[in-house]
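A.B. asks: This is the structure, below, for whatever I ask next.
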């Protein structure tokens, strides 16, 4: 094949053959030709000398694809090897690229026809600039500006280069350059911006060329967020921009520039200019888009440019208000313009576009939070009274600060009232609502959660809660007014009722209790009434879903009103017979949610009742659940289990449990009775399904009853183990006789489902039961043979991973009391599971995760058992841990790393410290650096850092009393372990990262030692190293900052807990006292 000769780079490459190879890959080739071309092109890219051919290729090809290929090779060299190249080679390449750019952009025809090529050359030039400027190319900016003045097309391209440069340095630099380099480039751009500024103003005042003006506005946009402020406010720049705003061709670019200026925030120094800018802007906007315009309709029928204008307008207003609303509200002559701007923004918020709405919603959320905080935090009795729902303010209570807060609230009262209307009209769907309208207008059960909608609901809910706190009465009035219009039919529509009820449910907990009670009595009464008077299955399903959602959000109200609670629960039982998709599921979910928060109410005799509700419910149990699917019945059993769990009298509790389990127990007894006559009976698929269903019902009840499930599980436990053993043997026989495909048959799958559910039931019970040793003694010994022995005997495909998680739960629960059993557990599961999971990274994913969870439980609570392992066994454990954290599946890698940390800490404190670390220290360090610098393992960053910190602190901890190195293989002794580890690490990293200099590696390792006792400094050192080593370049590096983000989330949760309603009553784990 002619293309093979391309591999010989000792002479100039044959550009014709290269063109044909590139064309075969991108355009003309068959599947085989494309694969062969791909391989050759990859090999050429990987060849370190290929870049020397780039100029030759660019000069001799007319193929754009070939040019791009050559520039791709060059880009790799610039990114990773530029500083290592000889000066003359660097300068030669730099000059060549600059000349080609000037040549192609100096005349209109070539600039337009070669636009894509010029753009790519610009990117290459900027990559070079990032390395060489300012130190090695001091004249770069003056050269660029001088070139721009020679022709309008060159000037247009120079603007494109300047834009790219700003974006590269300021927008895309995190994770690609060290903090020091970014700082240096920013300072250089700042100091030389005068030339760029003059060039931009000159073009905007003198040029008539549309493309050039657009390129200039676009470049300016990239610089406005960070340049010295004098260039904006002490020159004619703002006036010039505002002059371009009314011109349709420049409107969108200009408003983007004005938005950047609006988003600057640096104190009060330029307030006058901001007020002037806003005043002129609103004046021009009223002509372009008159206030009477129906913006949502205009948007839906507008062109792409017009829609972009509305989007940009939203960004401008939200940015300006975010930083300068205080200036506008404190300047009396522009207050009316501020309100006009807010009116525009509210109208834009009704636009049917998710992105536009997100922009508006984020701002509304921050504005109402700010108004609420001022109102919440001023230590003013009037304000506090208002927060408790005591309105209006009492005369004489308002001091100076309170007065300001009140005036501000007064100023915004009208826009805030309109904003409440917006939030109620556009409220997003909460997670609990399962009934939705599909694209054909049918009411169906939701099949997939939409995460974007859930995020939007969370922000809207929070916003509406702040709005409710600012004026409870207006919130209540607007909601009841809209509900009346639903009843009268004036505004009846599924969507209107949905958004209204979602809004009502979302403000739960934000009103004072007496106001909430009054409000809800009306809401629930009206919704139940609406359900009665409305005809049509779909309509009823929509109303039912809304009733269920609203009542599920207000447990405090239900606990205080037994009659309403009983009515609501009976209504849910009614809905459990309604077969419309989603209604039964939602009824069962809502029932569970209500019972969890009101359980005590169901086990006491209420006024006017003859017996507790739970007893009445158990009498009619069979009728209530007769139309439910098995999974819904399981949910129902969990709910009733919650009620029974609230009964404090043990005798009554056992009686209720007996009545609850009567139906499944009766069926179980029949099946076991038949099996005693003939074991074949248990092989019938209908029987197997019934057994599975009975076990699932038991698991559901055990989930909510915990310890109190003891009498029930004791009743079925031994029979259940016998069924388990028998089904297990059946599975093994089928797989042994039928080969690997047997495990895919429905019969084997069904048998295994029973085995898994048995294990899940035992695990659920032991996990939920209070820590009572006698329970462990009763249940664990019988399982040693039935479950563990069975696992060991089975063929790999028949082993249940749940065995591993069950024993992990048992060890986590009973801790050191399990010490004597660990050798048996090891014997049964260790070797045979390792053989299953160490052949590759894919097979048996469930076994992997659960195996390492079991090992972690043993390492944490039964560590002495690990010390007793033989050296080969311990080596297997350590190899398996390394195997785990090398895994790209996040859960497995994290479990492995957590387990490793437990091992490191425990061995450090044990008598085997020297022996363990001499065997494994270097291997662990090497493996951790390997995953740390692999971008697939970014999520493990926090744990990688903790392991390295543990290793670097060890040599000086006093735990080691012998050298880590092997004296027989190391030619000279080190003064101490610290010196050895330092040198070993430097050697390890130098050989792994040849692109880093010895000085850089040594500096990094010294930094690790200096910061080893400072977790934050240690972590930052490693972050900088990852950037410097080029392992984590232009990618999303948020995983490296995950810990900081988690701390921020916890602070936010604490803040939310302090504001009534912000965390929904259902989400607060407070065991809601409801006696």
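For all residues, glycine too, the Cβ spot is worked out from N, Cα and C.
From Swiss-Prot, for reference:
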DOMAIN    37-103  domain 'Importin N-terminal'
REPEAT    91-130  repeat 'HEAT 1'
REPEAT    135-171  repeat 'HEAT 2'
REPEAT    232-267  repeat 'HEAT 3'
REPEAT    336-373  repeat 'HEAT 4'
REPEAT    388-425  repeat 'HEAT 5'
REPEAT    474-513  repeat 'HEAT 6'
REPEAT    563-600  repeat 'HEAT 7'
REPEAT    612-649  repeat 'HEAT 8'
REPEAT    682-719  repeat 'HEAT 9'
REPEAT    756-793  repeat 'HEAT 10'
REPEAT    798-835  repeat 'HEAT 11'
REPEAT    894-934  repeat 'HEAT 12'
A.B. asks: What same-chain residues lie close to the repeat 'HEAT 3' (232-267): Cβ under 8 Å, and 6 or more beyond its ends?
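C.D. replies: Long-range Cβ neighbours of the repeat 'HEAT 3' (232-267): 197, 200-201, 204-205, 210, 213-214, 217-218, 220-221, 224-225, 273, 277, 280-281, 284, 287-288, 305, 308-309, 312-313, 315-316, 319-320, 322-324.
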A.B. asks: Can you tell me how the residues of the domain 'Importin N-terminal' (37-103) break down into helix, strand and coil by DSSP?
C.D. replies: 59 helix, 0 strand, 8 coil
A.B. asks: Return the average pLDDT for the repeat 'HEAT 7' (563-600) as a whole number.
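C.D. replies: Summing pLDDT over the repeat 'HEAT 7' (563-600) and dividing by its length gives 94.
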A.B. asks: Summarise the repeat 'HEAT 8' (612-649) as counts of helix, strand and coil residues per DSSP.
C.D. replies: 27 helix, 0 strand, 11 coil
